[in-house]
Amino acid sequence: MEGLKVLLVFVVLALASSFASASDPSPLQDFCVAMKETDGVFVNGKFCKDPEQVTEKDFFFAGLNVPRDISSPVGSNVTAVNVAQIPGLNTLGISLVRIDYAPHGGLNPPHTHPRATEILLVVEGTLYVGFLTSNLAKGGNRLITKVLNPGDVFVFPVGLIHFQLNVGKTNAVAFASLSSQNPGVITIANAVFGADPPMNPNVLTKAFHLDKKLVEYLQKQIWTDNNN
């Protein structure tokens, strides 16, 4: 039964991805298995390995069926499978994540993927999910939310702030496909209050209408968490 559940996840995500336009450039050959950059030279993507040296290991990752540790401060754990884990994803415009959530409030906090749309499939538990639109013509940002149960699918458009919260009493698990080999992630609180070097607290004090001492406390706390 567990094997059938995992198979269903991959079938749904694969079908969804096949109808999406990848944000990455289209490949100009069958594959371009990534290799490590050399001599400090970087390209928009990865250098290609000699096709004659490519093996099945370049297209394989094991273990997404294994539950992850959810004892983090936010009560979630994201396991990414992108070009860093599967070199064969280079130029193919797709990646995958598994997200584990602790019961009673496990949170994948507000964040964005600057280079990818995300489609999420809930496998276990109940999640409250949502995203914020960009600025509306009349001002403000609209919040679009939904409570998801096993088998439900939800889309987060590219670049928009989004989140998932476990509102159930048991662990929750979701899988998501993203339309980039390297979607990137910007977790809003960590980026703003935990930037390195720190942002001038006067900027955050005005932007968030907070007391300067509170801002400095948050910067110290989040910076420490980011670097541990």
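Along the chain as shown, the residues are counted starting at 1.
Yeah, the Cβs are placed from backbone N, Cα and C, and that goes for glycine too.
In TrEMBL, annotation is done automatically, which means it is predicted and not curated.
Keep in mind the model is a prediction, meaning the values are calculated, not measured.
Noted in TrEMBL for the protein shown:
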type	residues	note
BINDING	His111, His113, Glu118, His162	Mn(2+) binding site
DISULFID	Cys32-Cys48	disulfide bond
DOMAIN	62-216	domain 'Cupin type-1'
SIGNAL	1-22	signal peptide
Exercise. What Cα-Cα separation, expressed in whole Å, is found between His113 (Mn(2+) binding site) and Cys32 (disulfide bond)?
Worked result: 23
Exercise. Same-chain residues six or more away whose CB lies under 8 A from the CB of His111 (Mn(2+) binding site)?
Worked result: Ile161, His162, Phe163, Val185, Ile186, Thr187, Ile188
For this session: Whole-number Å only: compute the distance from the Cα of Glu118 (Mn(2+) binding site) to the Cα of Cys48 (disulfide bond).
Result: 26
For this session: Could you list the residues of the same chain, at least six apart in sequence, whose Cβ is under 8 A from the Cβ of Cys32 (disulfide bond)?
Result: Gly45, Lys46, Cys48, Lys49, Asn90, Thr91
Problem set entry | Mn(2+) site, defined by His111, His113, Glu118, His162: further same-chain residues with Cβ within 8 Å of the Cβ centre | Thr112, Ala116, Phe131, Phe156, Leu160, Ile161, Leu178, Pro183, Val185
For this session: Enter the number of other CB atoms within 10 angstroms of the CB of His162 (Mn(2+) binding site).
Result: 22
Seminar exercise, completed: Confidence over the domain 'Cupin type-1' (62-216), expressed as mean pLDDT on the 0 to 100 scale, is 96
